[in-house]
């Protein structure tokens, strides 16, 4: 099977697997009406992060097992795990059983890192970074389309909880699509030595620990304002929910159009300064969003933030690709996925606390500061051997 067909199949299946986790959480309040009519907003907030927390726990373990048992079996396992958890959630007759289903979604899922680990084995190494950009793109596409599709089904008088049963069909279809894929690719690269490994041009690359720190700062800057952007923009500019939703989605639309051209531009270049630039753009545009009273300027800042986000993710994927060893790709992707999920939880909880105590303005400025500090940190650590790969994995 050709690498192009393998990549297309895995990406389509990743989109199918991401559809439920991206599309259903915004409707948890409606879903809980039938299970727990008196559920508080704080309970909804905690349930929102339950799958993420469980995935942060399970991702490194599944990654290690993928390296031991094979990447394809663990990719199939992730899709089957999602299907099972969605079925339980759709059939749950009580809140405790529904919570169990959300936990299983995180513990048994993990299609993002499983897809990346399989692609690292099935594709030539020179194509891996762009493949990671595309798995990120499929997640962004699901983030845009899935809530619209779920809302459409609910508007057609499907009981909100029953949407889980509909969505469960997608990972089942993904399993059937993945079955014909080859179980193992051909070895392509010589594993890099521990520490900051030299690239083809002899330069020093950031260690995994430094990349993880950068990923954490970037995630904190990007995610902390997510839950508050729609209500904030509706109140600040007097716009409707539909327009606010478009403002929310603008950066992700930019990513879909720009990730591949940027990926080609960064090929054979040192991605560290480009990642730092992406973090700086994100931080600057968050500050602009906090200060402006113009809807047009706010929208332009969202587009520019999308450019920074795209640059950050594309460069981050290139940095991660430079650390991948064939024998431990599953563990590496699981480790980075777990770190991203923990940072997402910290951003959500911390953002809520800042917004509750100081308002949305201080939250935007705090997120902007995270972006700027991450830029400074990456530039200081660029080429540093202070964080060796072996130390980062301990």
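Note that Cβ sites are derived from N, Cα and C of the backbone, with glycine treated the same way.
Caution: TrEMBL annotation is automatic and unverified by curators.
As given in TrEMBL:
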DOMAIN    1-386  domain 'Major facilitator superfamily (MFS) profile'
TRANSMEM  12-37  transmembrane segment
TRANSMEM  43-62  transmembrane segment
TRANSMEM  131-150  transmembrane segment
TRANSMEM  162-181  transmembrane segment
TRANSMEM  236-260  transmembrane segment
TRANSMEM  272-291  transmembrane segment
TRANSMEM  297-320  transmembrane segment
TRANSMEM  332-354  transmembrane segment
TRANSMEM  360-381  transmembrane segment
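Between the transmembrane segment (297-320) and the stretches 12-37, 43-62, 162-181, 272-291, Cβ pairs under 8 Å are most numerous for 272-291. If you average pLDDT over the domain 'Major facilitator superfamily (MFS) profile' (1-386) in this model, you get 89. With pairs at least 6 apart in sequence, the transmembrane segment (332-354) and the transmembrane segment (12-37) have fewer than 3 Cβ pairs within the 8 Å limit; the two do not touch.
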